[in-house]
Amino acid sequence: MDKFKITGKSRIAGEVTISGSKNAALPLLAAMILPNGESVLHNVPTLKDTETLIKLIAGTGVAIAKQGNTVVADARCVTDYYAPYELVRTMRASILVLGPLLARFGEAEVSLPGGCSIGSRPVDQHLKAFEAMGASITVENGYVKAKAPAGGRLIGCDFSFDMVTVGGTENAIMAAVLAKGVTRLQNCACEPEVVDLAKMLVTMGAKIDGIGTPTMVIEGVDDLHGCEYTVISDRIETGSYLAGALMSEGDVLTKNTSAEFLYPVLKKFESMGAIITTGNDWIRAVMKGRPKAVDIRTQVHPGFPTDMQAQLMAVCCLAQGTSTIIENIFENRFMHVPELQRLGANIKVDGHAAVVVGVDSFTPAPVMATDLRASMSLVMAAACADGESIIDRIYHIDRGYDDVENKLRALGVNIERLKG
Ligand code: UD1
């Protein structure tokens, strides 16, 4: 397993170009199964997760290829509606092919993704939405088998999610666009990545009202056509690099990104003392002195995103004063705490709350990445520690951060990949 060797202490400063959003690209790639034609998707990040999904989609017979950051997919000759365990188990978001396959072919067989390090993460809401559209669902030998009603087409319905779920909303939208009749989805996730998916589907000919609101009304169409679309920039990658500036009296300019999607995070950065300036497609964070302590509660959009919790915690570790962080989205998303403690942080966890007492500096140590976003909090913390740290299990970071070593080097981080 590869590791990172990081030698601090660095001032994190410089310019970095942000890639396309991982969490938007995954549903958009899955949506490329839907049209009876060829689609072109630009700004797709080069990541383990996008590679896995492309492999999975290719397995259904879609002619799909990625060149640079552009993916071309011709879904006219789909032959198979099966997503095997070997691929699904490496990436939970593989479940996003269930909606498109079921909508297009009236049948789908997708391995259940299972739990992951940040929680059990069931997909019951995805399945309930399909059932509401008339699908019969069985789970056999670890596979979800879904079948549309007689005639092979899902039927429009009224459905309200029991909780706000990003993936559940995305899967339900992709199923509803080809259903017979009107589907009214309530308590939908409003995350920018859900909005991006809905916009791409509209360019394919889908009829969707209420995009970006909790209630979406979708009038099913008989067929979708191919389209050309560009993935939005990655708000979490943006926030992760900006956080580095706050931890190191640094100065980070993120380009090819948008402040629109990062508002709650930028507001927190400001209350911690950072000077944030923004333009049409850039955000800059400049930090002078130590950050101030803050209180954070993760919430669904437009609240503070859970995917920035670990990185903000790393900033709080160096803040003047005591911060409180409440994790409301996932039940087990403090796995990075013991690792940050190894780097000298003072953190106490009680259930969903973490109390962080700021320390003057991190100290180098060997640590282990525990999940995707947690890995970045450890990388940044190690960069701010005076000496050499080793970060193990960095396959997590390879899943979600495009060209991470080069981008970190451009920001002054002394980082080396140790092949294992
Ligand atoms: C997506 C993001 C992930 C982010 C999360 C929350 C992708 C690929 N991943 O994950 O980075 O952290 O949104 O913003 O876009 N739940 C259920 N039943 C369901 C579905 C969800 O109980 O059927 C629960 C989950 O266990 C979790 C919460 O709802 O506690 C939110 O999950 P969800 O919004 O679905 O997250 P993902 O789509 O998996």
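Here, residue 1 is simply the first one shown, and the rest follow in order.
Using N, Cα and C of the backbone, Cβ positions are placed for all residues, glycine too.
The active site, proton donor feature in TrEMBL is assigned to Cys116.
All chains included, 25 other C-beta atoms sit within 10 angstroms of the C-beta of Lys22 (phosphoenolpyruvate binding site). According to TrEMBL, the feature phosphoenolpyruvate binding site maps to Lys22, Asn23.
According to TrEMBL, the feature UDP-N-acetyl-alpha-D-glucosamine binding site maps to Arg92, Arg121, Pro122, Val123, Asp124, Gln125, Asp307, Ile329. Reduced to three states, the DSSP call for Arg121 (UDP-N-acetyl-alpha-D-glucosamine binding site) is coil.
The domain 'Enolpyruvate transferase' feature in TrEMBL is assigned to 7-408. A mean pLDDT of 95 is what the model gives for the domain 'Enolpyruvate transferase' (7-408).
Marked as 2-(S-cysteinyl)pyruvic acid O-phosphothioketal by TrEMBL: Cys116.
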In whole Å, note down how far the CA of Asn23 (phosphoenolpyruvate binding site) lies from the CA of Arg121 (UDP-N-acetyl-alpha-D-glucosamine binding site). 16
Pairwise CA distances across Arg92, Arg121, Pro122, Val123, Asp124, Gln125, Asp307, Ile329 (listed as binding UDP-N-acetyl-alpha-D-glucosamine) top out, in Å, at 22
Comparing the binding-site residues Asp124, Asp307, which residue's C-beta has the most other C-beta atoms within 10 angstroms in this structure? Asp307
For the C-alpha pair, I'd like the distance in angstrom between Asn23 (phosphoenolpyruvate binding site) and Gln125 (UDP-N-acetyl-alpha-D-glucosamine binding site), rounded off. 19
For the binding-site residues listed here, Asn23, Gln125, which shows the highest count of neighbouring CB atoms within 10 A? Asn23
Under a threshold of 6 Å between Cβ and any atom of ligand 1, which of the binding-site residues Lys22, Asn23, Asp307 are retained? Asn23, Asp307
Measuring Cα to Cα, tell me the gap between Asp124 (UDP-N-acetyl-alpha-D-glucosamine binding site) and Lys22 (phosphoenolpyruvate binding site) in whole angstrom. 23
